[in-house]
Amino acid sequence: MKEVIQDKLGRPIRDLRISVTDRCNFRCDYCMPKEIFGDDYTFLPKNELLTFEELTRISKIYAQLGVKKIRITGGEPLLRRNLYKLVEQLNLIDGIEDIGLTTNGLLLKKHGKNLYQAGLRRINVSLDAIEDNVFQEINNRNIKASTILEQIDYAVSIGFEVKVNVVIQKGVNDNQIIPMIDYFKNKNIEVRFIEFMDVGNDNGWNFNKVVTKEEMLNMIEQHFEISPVAPKYYGEVAKYFRHKDSDAQFGLITSVSESFCSTCTRARLSSDGKFYGCLFASSEGFDVKALIRNGATDDDLKAQFKRLWSIRNDQYSDKRTMQTIENNRKKKINMNYIGG
């Protein structure tokens, strides 16, 4: 039986984001800078990750509490061995209406068919530039944008619905906005531009690196005729715009200039098995893995999940100032543990 639960600000729980690994094959500066995540960096050992059975058990209980959507993240989730088996298990959960995956796309040709056969239908690909030299500078692994574009084409060809996410940094890749809109408009693939956020401790964020929604729109409107699109559902994070000469759309995710904390319905499970109520969480998180491995029953887990959501009052982006950023520095969980 489903229950309706709300947090302290009246927000229901609708989404569960699961990080299945803290590892990644890219070293993007805004997430896993190579100076910190070098060859000698120690990632989580296999036994510290939640098993697929544990993740499925958790997801079943969250579905009873109102979760309808699950997104699989990382790190890079396609590095998790046999990920399609998790998708198969999640697809059997009553009440889960949508399962998505966020990936850098590099391994889609290798794993895409198995994932599609397991029931995955929606993929978000993180691609921060369309020009090879710009993209190589960002990912620090000499991976060309053209390589990822080929992977996207493959994913579309076997039936996936693909969206593209682009984190925009001033002076780094803001010159990619127009060519990316132009390219994906012709492919009829939604591209979403994300304001650079202060996630984690190590990405060197400050306000001066942010290209705001208004700045992006000013750029875009010099090249395209567009009109706004009404939100599709409560809690939608992207603000969408449609081209007047086609049905193609693009989105802007404005977590800095126009935050959306008031409608956030996401619970997050980190790669080391901890619950977080916010992408910018500065706490240690609640150790779900320890609870499970110490013999908790489903009723025990359900009671804890209800409690954690009922006391949730996170609204970091609504209150973001340089002072709050400084106060939380070195306390926030890094993106490779909690996903984007």
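Just so it is clear, glycine is given a Cβ too, placed from its N, Cα and C backbone atoms.
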**OP:** Quick one: which of THR102, THR103, THR297 does Swiss-Prot put in the GTP site with ARG17, ARG71, LYS163, ARG266, ALA267, ARG268?
**Re:** THR102
Original post:
What is the interatomic distance between the Cα atoms of CYS261 ([4Fe-4S] cluster 2 binding site) and ARG268 (GTP binding site), given in whole Å?
Top reply: 14
Original post:
Counting only other Cβ atoms and using a 10 Å cut-off, which of the binding-site residues CYS31, CYS261, CYS278 scores lowest?
Top reply: CYS261
Subject >> Candidate nearest CYS28 ([4Fe-4S] cluster 1 binding site) in space, where candidates are the binding-site residues ARG17, ARG71, SER126, LYS163, CYS264 and distance is Cα-Cα >> reply: SER126
Subject >> From CYS24, SER126, MET197, CYS264, the binding-site residues whose CA lies within 10 Å of that of THR102 (GTP binding site) >> reply: SER126
Original post:
Where ARG266 (GTP binding site) and GLY75 (S-adenosyl-L-methionine binding site) are concerned, what is their Cα separation in Å, rounded?
Top reply: 18
Subject >> Which binding-site residues sit within 10 Å of CYS278 ([4Fe-4S] cluster 2 binding site) - Cα, from CYS31, LYS163, MET197, ALA267, ARG268 >> reply: ALA267, ARG268
